[in-house]
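Database features, via TrEMBL:
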- 32-53: transmembrane segment (TRANSMEM)
- 232-252: transmembrane segment (TRANSMEM)
- 259-277: transmembrane segment (TRANSMEM)
- 315-336: transmembrane segment (TRANSMEM)
- 356-380: transmembrane segment (TRANSMEM)
- 452-477: transmembrane segment (TRANSMEM)
- 498-522: transmembrane segment (TRANSMEM)
- 600-621: transmembrane segment (TRANSMEM)
- 633-651: transmembrane segment (TRANSMEM)
Amino acid sequence: MTATGDRNNCGEPRKFDPTFKGPVYNRGCTDVICCILFILALLGYFVVGILAWSQGDPRKVIYPTDSSGQFCGQVGTKLEKKPFLFYFNIMKCASPLVLLEFQCPTTQICVEKCPDRFMTLKKAYKNELDKKYYSSYCKEGADLSSWNLLNILKGRLCPAMLIPSRPFSHRCFPALKKNDDGVIVVGNRTTFQDGSETTNSTDLLEGAKSSMKVRELRMVAMKIFEDYTQSWHWILLGLVMAMIFSLIFIVLMRFLAGIMIWIMIFLVIAVIGYGIFHCYLEYSRLKFEPGANITIRDLGLQTDFSVYLEIRQTWLAFLIILCILELVIVLLLIFLRKRILIAIALIKEASRAIGYVMSSLFYPLLTFALVALVIAYWAVTAVFLSTSNEAIYKVFNETECPYSRDTCDPKTFNTSNASSACADAQCLFAFYGGETYYHKYLIFLQFYNLFLFFWCANFVTALGQVTLAGAFASYYWTYKKPEDLPAYPIFSSLGRALRYHTGSLAFGSLILAIVQVIRVLLEYLDHKLQGAQNKFAKFLLSCLKCCFWCLEKFIKFLNRNAYIMMAIYGKSFCTSARDAFFLLMRNIIRVAVLDKVTDFLLFLGKLLIVGLVGIISFLFFSGRARATMDSGFTLNYYWVPILTLIVGSYLIAHGFFSVYAMCVDTLFLCFLEDLERNDGSMERPYFMPENMLKILKKNNQGKTVE
């Protein structure tokens with residue numbers, strides 16, 4: 001009757017047991033060694049966090065740093081009113097050492113504002129007002145009134161000249177522009193003198209370019225941060241909207257599961273269809289726009305991502321992707337139309353179960369809070385670890401010097417051998433590093449932080465899965481529903497999971513975390529080998545990435561079903577995983593027919609909510625809605641809040657729909673167990689309701705046709 005394969009290879013079916021009434025309450029602790037290991041790992045994680053917080057300083061990421069290692073614009077310091085970094089000689093930034101050491105070999109000081117005029121030090125000595133203005137761009141303690149010009153220049157206390165500059169990422173860069181003839185000028189000049197030699201404006205351009213390269217990503221990050229500060233309340237409102245949409249959809253599914261599924265299918269097709277229509281309109285609109293036919297490859301990498309929306313190829317790519325997605329969904333619906341009817345019946349039963357265990361709808365909030373706590377701890381620890389280095393000073397010089405790039409101490413540099421041997425040498429801040437034991441093993445602490453992040457995040461997810469599985473299994477294995485349903489099934493299941501199965505959850509999470517870390521390492525190697533010419537190495541790396549991706553998906557699937565069996569029988573992780581795998585293999589046809597089709601339908605539900613929130617956010621943040629103009633805020637990248645809302649709404653929808661998915665998977669495994677234990681007779685009646693029996697009959701009819 002059922003094509004289940006060789007039973008000897010897939011274990012023996014469950015036998016009838018008149019005493020079995022659902023989740024076993026008389027159980028013991030499982031995988032104790034893994035529990036102890038997990039607790040020790042967490043204690044080590046806390047130690048790493050304490051070390052990072054005591055050594056790190058996030059100000060190194062936020063504020064620019066002068067040649068003395070002080071932070072420009074930091075609140076509560078003497079440089080609070082000096083937020084901009086000024087370079088004495090920006091042309092020194094054209095050196096290749098800038099890209100190697102992330103520091104220009106020239107004196108840098110914090111200033112209140114960037115210079116807005118041409119002026120040389122020689123000219124400043126001719127006028128008291130100019131001298132006062134010029135002194136604001138000199139080192140602290142430099143007295144232009146009492147010191148002569150030669151001593152000032154020899155001690156490098158002031159720059160040789162000032163040029164008009166603009167603040168860019170809190171740094172002063174030459175105000176470069178092109179005149180009508182296309183010539184690069186600075187303040188309408190192409191050349192200028194600093195008192196001793198003539199400088200070309202293109203030389204300044206090279207210096208500015210080199211300095212900007214190492215700060216370009218930070219500039220993008222700061223703009224994104226500014227966008228978040230401008231739009232965070234609207235993003236929060238959008239996330240609340242996604243939560244309301246998800247909750248309304250789930251509540252309606254409780255009473256109108258069949259109708260809601262078909263409405264959902266129609267709306268998903270309609271939302272994607274609107275996306276196709278909009279992409280076509282944008283593609284047609286740019287047809288006669290100048291410069292819109294340039295390719296993405298010719299455009300290259302741009303920090304202003306809105307530029308890509310002004311070329312036709314971008315909208316063509318979106319159009320093709322959405323058309324393929326629409327076609328795939330329509331074809332799946334056509335070929336799976338009979339199985340969708342069966343899956344809808346299973347979802348109806350899941351809706352009934354959730355209706356009796358309403359507290360399950362709010363459990364994802366606990367999972368979300370715990371995952372957010374894990375992410376926050378990991379992110380804060382990573383930032384503090386990356387900023388826990390000490391300020392390193394090195395010798396910078398213009399002429400030949402045997403001490404060039406050696407480490408130095410600015411406090412004792414004037415009396416050192418480097419200062420006496422090299423007249424033009426300076427001891428300047430170079431970068432953040434360190435030679436202590438702690439700094440040598442900093443990379444291993446970062447790796448430990450990443451590994452524990454995956455382990456803890458997977459543990460929280462596993463805890464949620466086994467908790468929901470225990471509650472829904474209690475519902476299924478109850479004859480009289482809801483009269484015999486245990487009180488507070490969610491809390492009872494959570495208590496059993498934490499008391500008896502912390503080690504098993506840690507074991508399953510550890511296996512998944514190891515695979516995920518390996519995938520991260522493979523991605524890192526792939527990034528490093530992008531410029532390599534060894535095609536065999538690239539091919540091997542791609543194969544490894546594909547294999548570990550498949551392995552991660554399989555382990556997630558196996559873990560999920562193992563946690564269901566663990567919630568029911570209270571056995572160890574390996575035993576539960578084996579029992580779940582054999583049970584599924586004995587009923588492989590039913591797995592393909594019911595379980596995966598319901599997953600597809602629930603995915604469409606997530607897609608619908610993400611699509612609705614995405615369209616609303618796009619119309620709002622792109623300026624196409626009147627409320628945007630009334631709000632009075634402008635964004636650097638309007639796609640930042642849009643992408644944030646899309647990702648956030650997907651996570652919220654996934655949290656709510658994960659309850660349905662876990663309910664379906666739990667009921668499905670209990671359903672298979674029920675078929676093996678019982679035969680529907682008076683002595684061995686099924687626990688499944690009449691609705692589930694109809695699913696079985698339709699399933700069998702479908703296999704007969706096949």
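Every residue, even glycine, has its Cβ placed from backbone N, Cα and C.
Remember, TrEMBL labels are computer predictions, not curated facts.
Here the structure is a predicted model, which means the values were calculated and not measured.
Between the transmembrane segment (232-252) and the transmembrane segment (498-522), the number of CB pairs under 8 angstroms, six or more residues apart, is fewer than three, so the stretches are not in contact. Highlighted: of the candidate stretches 259-277, 315-336, 356-380, 498-522, 600-621, 356-380 has the greatest count of Cβ pairs under 8 Å to the transmembrane segment (452-477). Within its own chain, the transmembrane segment (315-336) is flanked in space by residues 265, 268-269, 272-273, 275-276, 279-280, 282-283, 286, 296, 309, 597, 600, 604, which lie at least six positions past its ends and keep a Cβ under 8 Å from the stretch.
Here the listed stretches are 356-380, 498-522, 600-621, and the one with the most C-beta pairs under 8 angstroms to the transmembrane segment (259-277) is 600-621.
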